[in-house]
Amino acid sequence: MAGTTLLDIKGVQTYYGNIRALNGVDVSVNQGEIVALIGANGAGKSTLMMTIFGAPRARSGTITFAGTDITQMPTHEIARMRIAQSPEGRRIFPRMTVMENLQMGASLDNLKHYDEDVEKVFTLFPRLKERIAQRGGTLSGGEQQMLSIGRALMARPKLLLLDEPSLGLAPLIVKQIFDAIRELNRTQGLTVFLVEQNAFGALKLATRGYVMVNGNVTMSGTGKELLANPEVRAAYLEGGHH
Amino acid sequence: MAVTVSPERDSVATPIQRALKEAFYAGAIALGLFVLFIGLKTGQNISNELVLTERWGLLAAVVIATAVGRFLYVAYGQPFMANQKITDVATGLLPASVGSRFFQLPAFILAVVAAVLLFVLSNSLAGWVGAEPAGYLQFLRALAVIYVLASVIYYFRAFIHANFTKLGVAALVLYPILVVAVLSLNAWSIVGGLQGSLKWVDNFGIQILIYVMLAWGLNIVVGLAGLLDLGYVAFYAIGAYSYALLGTHFGLSFWILLPAAGMMAAFWGVMLGFPVLRLRGDYLAIVTLAFGEIIRLVLINWREVTNGSSGISGIPKVSFFGLMSFNVSDPNYIAKVLGIAQSGAYYKIFLYYLILGLCLLTAFVTIRLRRLPVGRAWEALREDEIACRSLGINTTTTKLTAFATGAMFGGFAGSFFAARQGFVSPESFVFLESAIILAIVVLGGMGSLVGIAVAAIVMIGGTEALRELDFLKQIFGPDFTPELYRMLLFGMAMVIVMLWKPRGFVGSREPTAFLKIRRAVSGSFTKEGHG
């Protein structure tokens, strides 16, 4: 399975008004990989994530998913290509219960696999099962992140995009979430593209990684290579990261 | 060693002292606030000169009432409420609640006896004691009846709470029958009862139910989809004019035009929806507000079609499904067909059941839609639009269906309104109507059908009830017209509800998803707030 390119981003430029946020970015994600994109605040990581979903839309360049050009596709059509996302800030539905949030994730198939997939999510994140009837907004940060990932998984994605899943979470919870991602990749062969500031954790998890600075991809390599790279270490790992 | 503090040094202000102080402040604030509002009144005399009327007596009354109210609240109200939360040292129980102390059997029996006696003697009372005391006795009778009803509700409160929806629907279905029965007994003739029921069925029943339906329709847009719509009355107007114009010009029946009016309104809902797709919150509110005004101005100025501000009259009545008519001159007039006495009340009672049916249809559709993908998408859209889109939901169609569905029910209500009034003019569709409907939705609790229905009954029924408070004229003088104060009371009620229940009467929402979606909810989940 591994090897074929699932997501291919070529020369993508994205603007917010007149301000260029992405400066010709090339990133590719192969089937079965975990790819991490690391970089400082404001480097354009989340912008790239959102550009894949067409909000904001790339002004130039192409984004190809499984051989289809999705650059100009409406956002909901892109989601229908089976790209699921746990967006930055989790964006769960706060007044809806855990079950309803998961149900929304299964909208694509009109709940065909709902019962089965809900069980899978609960096996992955048993904490969610305890919170079943609770409203999303009353969950803790870690549980919200689990819910956000669970909701994305309900769509049976071919590619899972994770935007800063470790943001604001305790180290133990971060480990749980990273373990869950690794588990999904290993057992189900799920392809994952994640954006992280927690460079150490992300690169340890990832098959390959990209480093982004000011809207440009400046370095790429396997997770191990990047972890060993002195520049990466100086910029992202030795400033207090664990 | 124990440190003893002398009671003098330990003393804090007693409630009475504190109350006196607070009463003084409240009085001072009231004086400052009202000295120009109430103390002075400007007017003009016959030669158009400004006249200043001084009303120091009234000002003093208001200030004293404020101070006394504050005094009573701080000195007695607050300690009483605090005591209600303290358990008895000996028994370990909380004190008896206000309700169980207030509603007691002897008082209940007394109230029943008083009410029955005053009902039986009502006609001869005025002769015995004179007109003015008889007015007070009628007021007393009303209080007794309210006390009896409240006692019954209090006694069965657990049952009522558990079966609120069923009881509510049953009460609404029985309402006209009960009104006619009670009034027939009172007047000792069925014709008299029918005649007397007009006011109760029309002014209270139909009027409230129209607003219930409008608020439930708007609830789809505002409560479920979270799209703040300040121009909802436009769809009401479109429905009303659709029926009025097509009914008067082409003589089409209500039963054809009701769905047509709904479709027309839904079409305009989509028309409004398109330009505002990208807007949310305040911006959306402004555009919808403008849309409401545009429709009203078109109705005023497009004279050739809408007859301008004079409106359209002679709108045909609804027929009894084409079988019987409610026009006295028609050969199939209901009283002739059924061989009963002529009365205008039949039409009102029929309209009551018609709007009740439309309301129930709205509720049914809303409840069903919430469980369908489109309804879930509406709620998700209210919560987070970006998350929605990244889950593959087409937010464009989702918003448009919300606008269209909400507008359709507005259109139904509009065509009903036109049929009921027999006359429509742009004056019925001003911004205030939109605001009232929105206020009902917010007060009731966005998304909650029961809460909204209760809010409509309180708000519309309450303002209608003000017209009935004639006895107030005996207190405030013959110039006093209580209905002029309805907007003041409306506003006060809104402030109080928002302080007391910031999410509206029913602030919680019923979840629609459970662990096994196609099976009943198991007992272990019903505990956690489903029931």
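Even glycines carry a Cβ here, placed using N, Cα and C.
Sequence annotations record features per position, and here TrEMBL assigns transmembrane segment to B:23-40, B:56-76, B:107-130, B:136-156, B:168-188, B:208-238, B:250-271, B:283-302, B:350-369, B:400-418, B:430-463, B:483-500.
Here the transmembrane segment (B:23-40) has Cβ contacts under 8 Å with residues 52-56, 58-59, 62-64, 66-71, 74 of the same chain, all six or more residues outside its ends.
Contact check: the transmembrane segment (B:400-418) against the transmembrane segment (B:350-369) gives at least three Cβ pairs closer than 8 Å, residues 6 or more apart, which meets the contact criterion. Outside the transmembrane segment (B:208-238) by six or more residues, the chain places 172, 261, 264-265, 268-269, 272, 280-282, 284-286, 288-296, 299, 352, 355-356, 358-359, 362-363, 366, 369-370, 375, 378-379, 381-383, 398-399, 402-403, 405-414, 416-417, 420, 426, 428-431, 433-438, 440-441, 444, 446-449, 452-453, 455-457, 459-461, 464 with a CB less than 8 A from a CB of the stretch. Beyond its flanks by at least six residues, the transmembrane segment (B:430-463) meets 164-165, 168, 204, 207-208, 211-212, 214-216, 218-219, 222-224, 229-234, 236, 289, 292-293, 296, 363, 366-367, 379, 483, 486, 489-490, 493-494, 497-498, 501, 503-509 of its own chain at Cβ-Cβ distances under 8 Å. Long-range contacts of the transmembrane segment (B:107-130) within the same chain, counting only residues at least 6 positions beyond its ends with a Cβ under 8 Å from a Cβ of the stretch, are 137-138, 140-141, 144-145, 147-148, 151, 186. Within the chain carrying the transmembrane segment (B:283-302), a Cβ under 8 angstroms from the stretch's Cβ atoms is held by residues 227-234, 237-238, 241, 268, 272, 275-276, 308-309, 426, 429-431, 434, all 6 or more beyond its ends. Sequence-distant contacts of the transmembrane segment (B:56-76) (same chain, six or more residues past either end, CB-CB distance under 8 Å): 15-16, 18-20, 22-27, 29-31, 34-35, 38-39. Through the fold, the transmembrane segment (B:168-188) approaches residues 119, 194, 196-197, 200-201, 205, 209, 345, 349, 352-353, 356, 360, 450, 453 of its own chain, all at least 6 residues removed from its boundaries and within a Cβ separation under 8 Å.
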